[in-house]
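Participant: Below are the features I grabbed from TrEMBL:
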type	residues	note
COMPBIAS	559-571	compositional bias 'Basic and acidic residues'
DOMAIN	59-108	domain 'Phorbol-ester/DAG-type'
DOMAIN	124-177	domain 'Phorbol-ester/DAG-type'
DOMAIN	215-356	domain 'DAGKc'
REGION	550-571	region 'Disordered'
TRANSMEM	20-42	transmembrane segment
Amino acid sequence: MEGKEGRSGTASSSSVIADWSLVFWTLCAVILPVLITLWCSFQRSRRQVLIRDIFRKSKHDWHYTDLFGQPSYCCVCAQHILQGAFCNCCGLRVSERCLRKADQLFLCKEIMMRSNGGAHSSMPHHWIRGNVPLCSCCMICKQQCGTQPKLCDYRCVWCQQTVHDECMMDCLKTEECTFGEFRDLIIPPYYLSTINQMRKDKRTSYEKVVPYCRKHWMPVIILTNTRSGNNMGETLLGEFKILLNPVQVFDLSKITPAKALQLCTLLPCNAVRVLVCGGDGTVGWVLDAIDEMKIKGQERYIPQVAILPLGTGNDLSNTLGWGAGYAGEVPVEQILRNVMEADGIKLDRWKVQVTNKGYYNLRKPKVFTMNNYFSIGPDALMALNFHAHREKTPSLFSSRIINKAVYFFYGTKDCLVQECKDLNKKVELELDGERIELPNLEGIIVLNIGYWGGGCRLWEGMGDEPYPLARHDDGLLEVVGVHGSFHCAQIQVKLANPVRLGQAHTVRLILKSSKMPMQVDGEPWAQGPCTVTITHKTHALMLYYSGEQTDDDASSMSEQDHVREQTDEDL
């Protein structure tokens, strides 16, 4: 009996031990991964803090990536790396552990040469070893560089020329850099050092410094809106900094156009070109800053403006030959070539004044500047709904395709609801002081440029009817009417013509009753009874690129040629 009790006690105690053992290992299985995750997270955050501290103190424009887009080797230890840091200005690539050492060993692009007491008119190559561009050729033997799976060959950060390790000679290290293909667009560091010395000496005759540069020098300033459209701005900033002087590349999320354009005052008169990377709204922002330069008395420094379309509609860009949208399909080098080849033209800019009705209205009239078009009706309603939706959930609107899909949704909805019907009973229209009898309409659109609604040539319609030629520099506005959203869709696919109401130098529209959606260049709002007056404000100097022509553009080539000829005569 006692033996049975002893055996049962031993069995129960062993079962308890087994239970506790199971509990222990279960807790280990649960807690240990959590502890490891927390430790890794702590180490990662600590590493990121250290990296950010190095980035902040460094003279390089470092950016961290989890995966390089092409085979890369650390410029310090020469090991193959999948992730690490790269400099947006000089193109250095290093592993994380070599980051601090790379800061000490390698100089970044100098935006301004160190002054040695004298004026400079040249500078030597700045060579960086390894990670040369694919398909680049040696400047000595003309054979392909970067073909070996290791850190090899050299690249000049200014002229972008490459040379093999075995072809590198001492004379090349001191040879004068020509700045390569884009020498006429780059602001040389020695030019800025000379200007800086002149400012210290209180001399402002910067034109005398031009011979230090080149005869056909047309320096370009890059203004990029990293928040536009398809979020390609960050990538473009780095690619432009590699090819140009970083001092001439600006991020408009960090600096305003007005401040960035003050660089024009340090450059030759009537020679600067500006490339705006963004949507039509960004272009309007830059043109407003240029108007401020005119007010300050800086007319002789006014630049000519080219466009790289990153927005959703991009109608102004399309009108000026720069395309309906950019998604990385054209190399940055080709974009700079297009800017050099582009022709100067003028663009009308218009003042839109909205005066609210009412005897006791003490508010000042709303004043807008119009580059593209003004509208009241269904397209303004679509823009208003889109704008309200984007304000609520901005993260959803990071793609041009999604943006257009949302526009399509609201356009389809308006076809069924028809919120803007009987517009002709609610408004009066005057063109150059003459009252226009309106047919049954839902919308009125006042055009300054050829394109509207993301690529539609609204004034031309199907092109099967005679119509007066429309230009964007003749001081005339084209006024059309539409019967609704479905009519707009028919016009966009060339199945219908708009209701052409006329052309005028001054447009006056009176909203007699109710509240209606309005927009100026894609900026919508809901407006009560008011008087809208559109008058000519000024001209903007733009760049027209004729390299790529669509079928629609081919029909109006003679018109564009006439515009350029007229501009050349004026200039």
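Placement of Cβ uses the backbone N, Cα and C atoms for every residue, glycine included.
Curation plays no part in TrEMBL annotations; they are all automatic predictions.
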Participant: Using DSSP, what is the helix/strand/coil residue split across the domain 'DAGKc' (215-356)?
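Facilitator: Its residues divide into 58 helix, 34 strand, 50 coil.
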Participant: Do you know the DSSP helix, strand and coil residue counts for the domain 'Phorbol-ester/DAG-type' (59-108)?
Facilitator: 10 helix, 14 strand, 26 coil
Participant: Using DSSP, how many residues of the domain 'Phorbol-ester/DAG-type' (124-177) fall into helix, strand and coil, respectively?
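Facilitator: Counting residues per DSSP class in the domain 'Phorbol-ester/DAG-type' (124-177), I get 5 helix, 13 strand, 36 coil.
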Participant: Just to confirm my parser: what is the rounded mean pLDDT across the domain 'Phorbol-ester/DAG-type' (59-108)?
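Facilitator: Within the domain 'Phorbol-ester/DAG-type' (59-108), the model's average pLDDT equals 90.
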